[in-house]
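The structure appears below as structure tokens.
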Amino acid sequence: MSDSAASTDRQARAKRTATISIGALAVMNIVAIVSLRGLPAEAEYGLSSIFYYVLAAVVFLIPVSIVAAELATGWPETGGVFRWVGEAFGARWAFLAMFMLFIEVSIWFPTVLTFGAVSLAYTGTNANLDAQLSGNKAFVLAVVLVVYWAATFIAFRGAGAFSRVAKWGGIVGTLIPAGILIVLGFAYLFSGNRLQIQTGWNELIPDFTNFSNVVLAASIFLFYAGMEMNAIHVKDVKNPTRSYPLAVLIAAAGTVVIFVLGTLAIAFVVPQADINLTQSLLTSYNDMFEWAGIGWAGPIIAAMLLLGVLAGVVTWVAGPSSGLLAVAKAGYLPRFWQHTNQHGMGTHILLFQALLVTALGVVYVVLPSVQAAYQILSQLTVILYLIMYLLMFAAAIYLRYSQPNRPRPYKVPGGDVGMWIVGGVGFLGSLMAFTFSFIPPDQIAVGSPELYVGILVGAAAVMVALAFVIYAFRKPHWRDPDSEFVPFTWQLEGKHPGTVNDSSVPTSTLSDEFLSGERTETGPKATSGTDAPASTADSGGRTPAAPGGRQRPRLRRRPGPAAGGSSAT
């Protein structure tokens, strides 16, 4: 299909886009976020966990959802957070955001697979043996590596090979077990059994005098991470100005309810002193099943939870990897990392990610306990992910001033003041969680506190520096000529991310012109300094005047330097 025909086909498909109801979008967001593996960490706080869940929803979940909706509708082209940050601050910071997402997910895999290993251990019939096996570092490491490498090879086969697992695994392995946990936990409560937590209104407010209590609570922010993934669907909702915020509020409320009730169900049954980050969810199920007289269901629920873990891992193995592949083909990584197989999967990137997960698995052998390793990797995941969110919130605020007239089908209510309030709250909430993530928790033995902090600071610094180093060595000839990764709008219009661009041309129009063999440019032919446009080849003729009365010269597309620009900073 020619570039012109492809552009026409894309436009036709956009006009035929099916609408999504408010309820459907709310459910999509809930399924994308909810996971049960982190509930034991918050059960440490008893009733005060409610405060942390609500706080994180107000200062993080809702701002992420609303801000991402504006970014996704204003700049819907391939790239996600890479494109959003790049539109505001240039390609260097965009690459940092994408790299943080890729590394964060890679580090997340060992933590979620640790939970899967514990679930596998509890599929046995001997409770004592199951508990011993779940704490065995060699067993946990073996499960992490075997399952992850299996998921990687499945990903090599393309999306069709794991779509069914992803679809049904989330239902069978997450939503159904969540319902069972909540029903049994509150049945235990209403039956008059002795609760393992303190009750009373005063227990709802945390002890803010002990900063170490906030460390585990900071991980709640990562519980809510991922809502921005569905922001692209805001274009498919009728009356998005009203419907999308309503769907977000419904999803936020539903997510908070599941997390709060699930956490309390564990806290009702498991004594605080016995809570274990990797085992308490399974022991809670076992205790509830014994109380209900259905102890035989323990191995079944463990197998269901394992299926949920597998579904999550298989789904995410190819996700950020595919995003990094698109960025690589735009010229930001050497051709070696752009290699794909017959199914279009980035095999070299997937293999590198698998080797990275393997190396991280060795941490389980070095640290004093599986639980300590789990905590350190979980906190590092939070830190790296929050760096990405800090950049995203800052980009959303900055774009209100650098590209004030760019059409956005959905905008954060309240004008620029509303963006400052919503984006500012999200930024400050992320910054707060980022800071608290470095404080060692009192509840978990992590060895030397100095070593704990040193590992987190050192690892985070290395990852940030690595992103900048990789970006600094990019080469124009790395760009794949067949890549359809569209340059940033300020590149297409001959601007600079540090200056105001008054253009009111929709990004979809710029993208279609670029992909159909044209590149539009508003204002000067090229910018000097950093982050220059991707190509500067002129051709005859001019397009009709852009909104605002200015002519946009027609420029013939040719393979040029990376989408980030030959001299991008």
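Quick reminder: no glycine exception, Cβ is built from N, Cα and C everywhere.
Under the heading transmembrane segment, TrEMBL lists 20-38, 50-72, 93-118, 138-156, 168-191, 211-232, 244-270, 300-328, 349-370, 376-399, 420-439, 451-473. Per TrEMBL, region 'Disordered' is recorded for 515-569. As annotated by TrEMBL, compositional bias 'Low complexity' applies to 539-550, 560-569.
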Taking 3+ C-beta pairs under 8 angstroms (sequence gap of 6 or more) as contact, is the transmembrane segment (451-473) in contact with the transmembrane segment (93-118)?
-> yes
For the transmembrane segment (244-270), what are the same-chain contacts with Cβ under 8 Å, counting residues 6+ beyond its ends?
-> 22-23, 25-30, 33-34, 36, 39-40, 42-43, 46-47, 49-50, 53-54, 57, 61-62, 65-66, 69, 178, 181-182, 184-186, 188-189, 193, 195-197, 220, 223-224, 227, 234, 237, 280-281, 283-284, 287-288, 291, 410, 413
At least three Cβ pairs under 8 Å linking the transmembrane segment (168-191) and the transmembrane segment (300-328), pairs spaced 6 or more in sequence?
-> yes
Who are the long-range neighbours of the transmembrane segment (376-399) in its own chain, taking Cβ under 8 Å and residues 6 or more past its ends?
-> 38, 41, 60, 63-64, 67-68, 70-71, 74, 81, 84-85, 87-89, 93, 96-97, 100-101, 103-104, 107-108, 110-111, 215, 218-219, 221-222, 225, 228, 360, 363, 367, 406, 412, 419-420, 423-424, 426-427, 430-431, 433-434, 437-438, 446, 452, 455-456, 459-460, 463-464
Short question: which residues 6 or more past the ends of the transmembrane segment (300-328) have a Cβ under 8 Å from it?
-> 35-37, 78-80, 82, 95, 98-99, 101-102, 105, 108-109, 112-113, 115-116, 119-123, 147-148, 151-152, 154-155, 159, 162, 165-166, 168-170, 172-174, 176-177, 180, 281-282, 285, 289, 334, 337-338, 340, 345-346, 349-350, 353, 478, 483, 485
By a Cβ-Cβ criterion of under 8 Å, what residues six or more beyond either terminus of the transmembrane segment (93-118) are in contact with it?
-> 35, 37, 79, 81-86, 134, 139-140, 143-144, 147-148, 278-279, 281-282, 305-306, 309-310, 312-313, 316-317, 319-321, 323-324, 327, 332, 353, 356-357, 360-361, 363-364, 370, 373-374, 377-378, 380-381, 384-385, 387-388, 391-392, 463-464, 466-468, 470-471, 564
Contacting positions for the transmembrane segment (138-156) when only residues 6+ beyond its ends and CB under 8 Å are counted = 109-110, 113-114, 116-118, 120-121, 162, 310, 313-314, 317-318, 321, 341, 343, 345, 347, 350-351, 353-354, 357-358, 361-362, 364-365, 370
